[in-house]
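What TrEMBL annotates here:
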DOMAIN    12-127  domain 'Tetrahydrofolate dehydrogenase/cyclohydrolase catalytic'
DOMAIN    182-325  domain 'Tetrahydrofolate dehydrogenase/cyclohydrolase NAD(P)-binding'
Amino acid sequence: MASPSDRKATIIDGKAIAQTIRSEIADEVRHLSQKYGKVPGLAVVIVGNRKDSLSYVGMKRKACAEVGIRSFDVNLPEEVPESELIGKVHELNANPDVHGILVQLPLPKHINEEKVLGEISLEKDVDGFHPLNIGKLAMKGREPLFQPCTPKAILQCCQILNDLALVLFAKMVCNCFPFSLQGCLELLSRSGVSVKGKNAVVVGRSNIVGLPVSLLLLKADATVSVVHSRTPDPERLVREADIVIAAAGQAMMIKGSWIKPGAAVIDVGTNAFDDPTKKSGYRLVGDVDFEAACKVAGWITPVPGGVGPMTVAMLLRNTLDGAKRVIEQ
């Protein structure tokens with residue numbers, strides 16, 4: 001462990017930022033309730049009994065209750081036919097009290113995820129992964145109804161880290177944090193850092209993290225490169241970048257020597273790392289070697305407690321935005 005004197009980086013408290021966002025959302029929800037007699041509604045659909053998915057869904061439902069968003073719970077068995085799941089989605093599409101629909105991923109192997117997600121109404125796609133939303137995200141001069149949550153959260157954080165070179169690391173594990181994309185841009189925006197004109201490297205090209213965050217960074221006028229498994233010498237590219245989004249999914253893959261001095265590091269990785277000193281036998285770590293990175297970076301997010309809390313906050317924000325489009329008409 002690095003001593004305080006060894007550490008140069010300032011810790012970015014994603015949990016505190018997320019709580020501020022939740023408070024803002026709660027105020028807006030109360031306004032809608034008082035003025036129109038209606039509140040936003042979020043439907044969360046879960047198939048099966050995966051412990052990680054149940055945990056994430058529980059957090060989302062609890063967060064809804066805390067800010068006054070109505071939660072519609074749909075729990076289906078592992079063996080549910082694809083047609084029945086799609087039927088449930090259609091019912092939620094037709095429900096005027098539901099303003100956002102989330103189908104928790106991953107789905108069982110016998111179900112076509114792309115087909116199911118494509119059935120969600122565009123106006124209720126709070127994940128931001130409907131083909132039309134992603135298509136608009138990719139087009140200059142077009143804006144999607146909803147932005148994927150992890151990339152948006154990264155950009156938000158920029159406003160807090162003003163005038164710094166930036167290294168951002170984002171990671172998605174087992175499709176469990178679809179909202180992290182927007183959450184990372186939110187962190188940047190609220191940290192005061194401008195992405196405009198910065199060199200950005202996205203490590204990973206997944207549909208959930210790498211692709212959408214690269215598109216959002218382009219929209220924010222960054223110069224974006226994408227590093228993947230076939231890219232030669234990725235360490236060199238990361239070290240030269242002002243902004244790096246790492247979606248590699250490997251525990252502590254990014255070493256301190258990879259980081260540009262004074263950079264900001266936002267790590268969305270969540271990996272189980274063997275640790276016999278822990279009762280569970282493991283501890284959670286990110287994609288970044290935190291202790292080594294602290295000696296080089298200017299700012300850094302911890303794992304846990306960094307980008308993770310932002311994922312749910314961005315889900316709540318998207319649900320509120322969807323509701324306002326309908327209720328305030």
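Going from the start of the chain as shown, residues are counted 1 onward.
Note: Cβ is positioned from N, Cα and C throughout, glycine not excepted.
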Helix-strand-coil residue split for the domain 'Tetrahydrofolate dehydrogenase/cyclohydrolase NAD(P)-binding' (182-325), DSSP-based: 51 helix, 31 strand, 62 coil
Treating G and I as helix alongside H, and B as strand alongside E, what does DSSP give for the domain 'Tetrahydrofolate dehydrogenase/cyclohydrolase catalytic' (12-127) in helix, strand and coil? 62 helix, 18 strand, 36 coil
